[in-house]
Amino acid sequence: MSKSIAKIKFYEKGLKMYFLKRMSQPKYYIGLWVGLIIAILHFGVKFFTIKQYLNGNQMLFTPYTQWIGYHTDSWTILFYLVIPIISCLGFNQAIYDDLKTGFITHLVKKLGFEKYIFINYFYVFLNGFFTVFLPLIINFLLFFCTLPNIIPDRILNSDNFISPSVTYFLDIYYKNPVSVILFYCFLAGIIGGICAITSVTLMGFIRNYFTDFAGPFLLTVIMDVIAAAFPFNFAAPTLFIIPMSPVVVPSFGFVVIGIILLMLVELILVYVGIKRNVFI
């Protein structure tokens with residue numbers, strides 16, 4: 001009995017070391033680095049453009065108005081456009097490798113299928129979440145550390161053209177903008193995690209590298225086009241996570257329910273899809 005327990009502990013320790021070693025591989029953080037580069041470049045370009053005006057009307061240049069989410073320009077479009085791409089260049093690649101090499105069968109034998117699914121679902125989602133969340137937070141912190149910490153004003157900052165129809169919690173933004181920015185970073189991170197899980201879902205049914213990793217991007221582009229054409233009847237995740245959305249945003253309650261349902265559906269699809277590829 002003691003030998004069996006020792007053997008189980010040995011396998012668990014070995015698998016733990018295996019997963020930790022995997023997570024330390026640089027290729028699983030390519031998406032994060034791309035996001036950080038965009039966020040830092042945006043700060044550099046914007047700061048060196050506006051620093052000569054900081055001695056004038058400082059109300060126009062605050063971290064809350066210059067953050068990549070609220071200061072909508074080509075950098076904002078670029079970052080939010082590539083979210084489905086960078087979030088899929090993470091730990092979901094490990095599952096692709098497991099499926100491609102057949103090593104998934106060995107892991108399932110040692111871990112159990114359900115445990116393998118839930119562990120990887122959790123890590124893939126978390127990886128996709130932080131791939132999007134960290135660049136947005138760092139971009140804000142860079143502006144916060146260099147620009148005057150002045151709360152936005154409805155009148156003086158009216159040139160931002162923010163309205164309740166294209167952003168959430170507008171009243172709170174003019175009272176406690178940090179909380180709203182954190183909310184949008186968190187919301188974007190969740191969508192990044194969902195995009196990463198979508199990639200894993202495709203892997204279970206379609207064994208094609210391009211489709212598995214570019215599929216979430218193509219799906220979001222299609223959804224963006226539909227949302228732009230029918231703004232009151234369709235919601236695209238990569239549009240309503242932009243603080244100054246180019247289209248009318250759906251109700252926040254609808255977004256919460258939609259995210260929960262989507263994550264549950266994707267968990268089921270990942271379970272079914274991956275199981276098709278496991279032979280024990």
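From the backbone N, Cα and C atoms, a Cβ is placed for every residue, glycine too.
Just so you know, TrEMBL annotations are computer predictions that nobody has curated.
Nonlocal intrachain contacts for the transmembrane segment (28-50), taken as residues 6+ away from its ends with a CB within less than 8 angstroms of a stretch CB, comprise 22, 61, 66, 68, 71, 75, 78-79, 82, 85-91, 93-94, 127, 130-132, 134-136, 138-139, 142-143, 146-147. Look at TrEMBL and you will find 28-50 (among others) tagged as transmembrane segment.
The transmembrane segment feature in TrEMBL is assigned to 77-96 (among others).
Sequence-distant contacts of the transmembrane segment (117-144), counting only residues of its own chain at least 6 positions beyond either end whose CB sits under 8 Å from a CB of the stretch, comprise 19, 23, 28-29, 31-32, 35-36, 38-40, 42-43, 46-47, 63, 66-69, 79, 83, 86-92, 94-95, 111, 181, 184-186, 188-197, 200, 263, 267, 270-271, 274. Feature annotation from TrEMBL assigns transmembrane segment to 117-144 (among others).
Feature annotation from TrEMBL assigns transmembrane segment to 181-205 (among others).
Look at TrEMBL and you will find 217-242 (among others) tagged as transmembrane segment. Residues 69, 72, 76, 80-85, 88, 184, 187-188, 191, 194-195, 198, 248-250, 254-255, 258 of the same chain sit 6 or more residues outside the transmembrane segment (217-242) yet have a Cβ under 8 Å from a Cβ within it.
According to TrEMBL, the feature transmembrane segment maps to 248-274 (among others).
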Close approaches to the transmembrane segment (248-274) from elsewhere in its chain (Cβ under 8 angstroms; 6 or more beyond its ends): 95, 99, 104, 116-117, 121, 125, 165-168, 187, 190, 194, 197-198, 200-201, 203-205, 231-232, 235, 239-240
